[in-house]
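S.K.: Below are the structure tokens for one structure; questions will follow.
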Amino acid sequence: MAVEMFYDADADLSIIQGRKVAVIGYGSQGHAHSLSLRDSGVEVKVGLKEGSKSRDKVTEQGLDVDTPAEVAKWADVIMLLAPDTAQAEIFTKDIEPNLEDGNALFFGHGLNIHFGLIKPPANVTIGMVAPKGPGHLVRRQFVDGKGVPCLIAVDQDPKGEGQALALSYAAAIGGARAGVIKTTFKDETETDLFGEQAVLCGGTEELVKTGFDVMVEAGYEPELAYFEVLHELKLIVDLMYEGGIARMNYSVSDTAEFGGYLSGPRVIDADTKKRMQDILKDIQDGTFVKRLVANVEGGNKELEGLRKQNAEHPIEVTGKKLRDLMSWVDRPITETA
């Protein structure tokens, strides 16, 4: 079944312009949403806890800021863009006591609603607007008169206005200039988590580290291994990003293309696919989210342990040394702090 797509001509910007919007959180997405909503003629306030380091930045950029509870009380549309693991507490403490009949609660990701970590009252519209790009790109494209494609979804719609409101919001941050795709909280959440775990973060990271280990254990210099399995990965991903797998294969040498066809299926085989299916099942049945919640309730001890273990891999030592030679590479905060 083809996805439903919407564009500026399908959206009524006046809907969101007639509402008061609170954006809770001012990270990557929060700043892009807030500034673009304001520039689209929407009345916006940003919700940040007292003492937040981002408060000065908000006021410097000409936006009003108050506590999450106060902006939730003021608004009739609340966009919750705090980290996933903080959202349930913010909802219970700051948002739920201030919700009124007819309010709308929006999210940039469906995890907390789909897995029942947040249970909103039945008289509130529950929607999602999820740009498919980082906040700095969302904002830059908006300023340039363009946009980043967005997903929208409605999980609860007591007044029958959810889709029109979500589409209007997406248009106000530039999404409808590029295209807005209708989905569900379930599909957005499960596909997003699977992509992160099996391919983008977990899968790619382990592939790179294992490739590095194989070469170093075979006697090759760590510096050569780093260049071949990590540094050059960006070149390949950029080609795929621009034109798909076909563009990448067209652009590399015949030797690389031929070798990739022969050896790729030996690395990622039917057993790998079965394990990826198991990962998807753990996401779908809530196994992963239960472990995520247990980690948070345990003070992030499991996550901190995994971070420490990962940081000690030899590829990190080699990489830092080589990046010192690369004047064109922006140094990450982990190496400049």
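Positions of Cβ are set from backbone N, Cα and C atoms, glycine also.
Taken from Swiss-Prot, the feature active site applies to His109, supported by sequence analysis. Residues or ranges marked as NADP(+) binding site by Swiss-Prot on the basis of sequence analysis: Tyr26, Gly27, Ser28, Gln29, Lys49, Ser52, Ser54, Asp84, Thr85, Ala86, Gln87, Gly135. If you look up Swiss-Prot, you'll see Asp192, Glu196 marked as Mg(2+) 1 binding site, on the strength of sequence analysis. The Mg(2+) 2 binding site annotation in Swiss-Prot covers Asp192, Glu228, Glu232 and is backed by sequence analysis. Swiss-Prot lists Ser253 with the feature substrate binding site, giving sequence analysis as the kind of evidence. The domain 'KARI N-terminal Rossmann' feature in Swiss-Prot is assigned to 3-183. According to Swiss-Prot, the feature domain 'KARI C-terminal knotted' maps to 184-329.
Are these features on the surface or tucked inside, and what are their neighbours?
M.R.: In the three-state DSSP scheme, His109 (active site) falls into the coil class.
According to DSSP, Ser54 (NADP(+) binding site) is assigned to coil rather than to any helix or strand. Around Ser54 (NADP(+) binding site), the same-chain residues at least 6 positions away in sequence with a Cβ under 8 Å from its Cβ are Tyr26, Gly27, Leu48.
For Asp192 (Mg(2+) 1 binding site), the count of additional Cβ atoms within 10 Å of its Cβ stands at 18 [all protein chains shown]. The DSSP secondary structure for Asp192 (Mg(2+) 1 binding site) is helix.
Taking a C-beta cut-off of under 8 Å and a sequence gap of six or more, Ser253 (substrate binding site) has no contacts in its own chain.
Confidence over the domain 'KARI C-terminal knotted' (184-329), given as mean pLDDT on the 0 to 100 scale, stands at 97.
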S.K.: Taking the Cα atoms as reference points, how far is Glu196 (Mg(2+) 1 binding site) from Ser28 (NADP(+) binding site) in Å?
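M.R.: Cα-Cα, rounded: 18 Å.
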S.K.: Tally of helix, strand and coil residues over the domain 'KARI C-terminal knotted' (184-329) according to DSSP?
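M.R.: The counts are 122 helix, 0 strand, 24 coil.
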S.K.: Counting only residues 6+ apart in the same chain, whose Cβ is under 8 Å from the Cβ of Ser28 (NADP(+) binding site)?
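M.R.: The answer is Pro134, Gly135, His136.
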S.K.: Ranked by the number of other Cβ atoms within 10 Å of their own Cβ, which of the binding-site residues Thr85, Gln87 ranks first?
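M.R.: Buried the deepest by this measure is Gln87.
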S.K.: So which of the recorded positions is most packed in, judged by how many other Cβ atoms lie within 10 Å of its Cβ, out of Lys49, His109?
M.R.: His109
S.K.: Give me the CA-CA distance between Gln87 (NADP(+) binding site) and Glu228 (Mg(2+) 2 binding site), in Å, as a whole number.
M.R.: 40
S.K.: Rounded to a whole angstrom, what is the largest C-alpha distance between any two of the residues Tyr26, Gly27, Ser28, Gln29, Lys49, Ser52, Ser54, Asp84, Thr85, Ala86, Gln87, Gly135 that the record assigns to NADP(+)?
M.R.: 21
